Amino acid sequence: MFVTTADPVLEPPIITVNTVLSLMAVDYPVSKLACYVSDDGCSPLTYYSLVEASKFARLWVPFCKKYNVHVRAPFRYFSVAEVSSGNGESSEFRQECEKMKEEYGKLCCKIEEATGKQPSSWDVTYSGDLAAFAHVERRNHPTIIKVIWENKYDTWAGEEGLPHLVYISREKHPEHPHHYRAGAMNVLTRVSGVMTNAPLMLNMDCDMYANNPLIVRYAMCVLLDARREEGFVQFPQSFYGALKDDPFGNQLFVGAGISGIQGAFYGGTGCFHRRKVIYGLCPVDNTGEFSEKELLRIFGTSIEFAESAGLALKGHTNSQTNTSRGRLLDSVEVANQVAGCNYESSSNWGKPNIGWQYGSTTEDVLTGLGIHTRGWSSVMCNPYPVAFLGCAPTGGPASLTQQKRWATGLLEILISGRNPLISVFTAKLQFRQCLAYLWINNNSNFLSSAIPSSLLIASSTTPISSRSCKIQESTS
């Protein structure tokens, strides 16, 4: 599970903390989960907030699973008028709920008091870890990787029953391009590859929390279906606290009606990817057989990462790799190497087919297009309750800035060599899927207006919902 943040001012750490807590509390065996947080702002406040949140998580996660709490982001759970659980409101539940609310209040106070102050004034017992942030600049600093919590047990819940939690701030230098969010995602992919090497990856924006605790199981229903192997599973982007009638178009649902072609667009958040697909594998070449020399040429000079990539391409799970539970700290040195700003210079990262794609500010659309171009299909999974809820811009300037970025990125794709029209003839992008990509391009209205809607929706189906994900919801 990847969570990305870049600015502790625009993206307050308490929001990131709630996203991380909601992911750590999902209903899935914790021994199969790991949460990696990428901090492109290299903020000691973000790291401090995550450390304090991990302490609260030892209480919060067992509480959620014991009482089958549905909303597992604390700030949303405690904001409702009446707090309830799946097991009714017993006196024991009410007492524990009040305790959780009090502990969460303490966590918020700690983060609020630390905001705007120097780390030396914080009341912490791990000041040695904060020393790594001394004298660093946001755009010029070495790699900082901290294992905040390491799960060494197989317990489902309890004091020790938490997924791995790892903080990452990749190296930056003015002379090396960092490729914005796409670069951060590629670093997360490499670091997780040498640490846990799970075959599936969920990426999240820091302001979009897990609203449905069964999200991983819903995704597994699709990704483990032997009848058809999908490239990725995308969940819709939904938002809380939006303005009435949504005047800025934040609730616009893009992608409905194309499930019958090659599937949903990659939306940049709330998406489960197969690691081997991100590593460039095609559906027709599913063996993943590469020599060590080829792996080093494609993925960089780290022998350890090349070995983990080779295993991932063959479809091996994290339990079959050389990285075993309880040894994350042993892989930190290699993780620092693959997170370096010059690591990609002798590799194919960011180039067509390998990793998150460079060349557009809308790296999500470009990456999803590359996956469809190789012949993979995708699925839109739309369960109830909605899988993820995010914080949408509530003001005109913020909305316009966001939409300008989208429009710029889509235009960059349209005028590049990876234009969807070209991929129809040179690769495996279906023609109607190409039309769908042209339709979302806000800077090519002259094209989209000429495309009959019937071409896009013919033979299409509705998004996958809970009808295909028959999960027995159990209560503790």
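Cβ atoms are placed via backbone N, Cα and C, with glycine included.
Listed in TrEMBL for this protein:
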ACT_SITE  ASP40  active site
ACT_SITE  ASP364  active site
BINDING   GLU11, ASP40  UDP-alpha-D-glucose binding site
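Structure coloured by features recorded in TrEMBL.
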| residue | record | Cβ contacts under 8 Å, 6 or more apart |
| --- | --- | --- |
| GLU11 | UDP-alpha-D-glucose binding site | THR5, CYS206, ASP207 |
| ASP40 | active site | THR4, THR5, ALA6, ASP7, SER169, ARG170, HIS178, ARG181, ALA184 |
| ASP364 | active site | TYR266, GLY267, GLY268, THR269 |
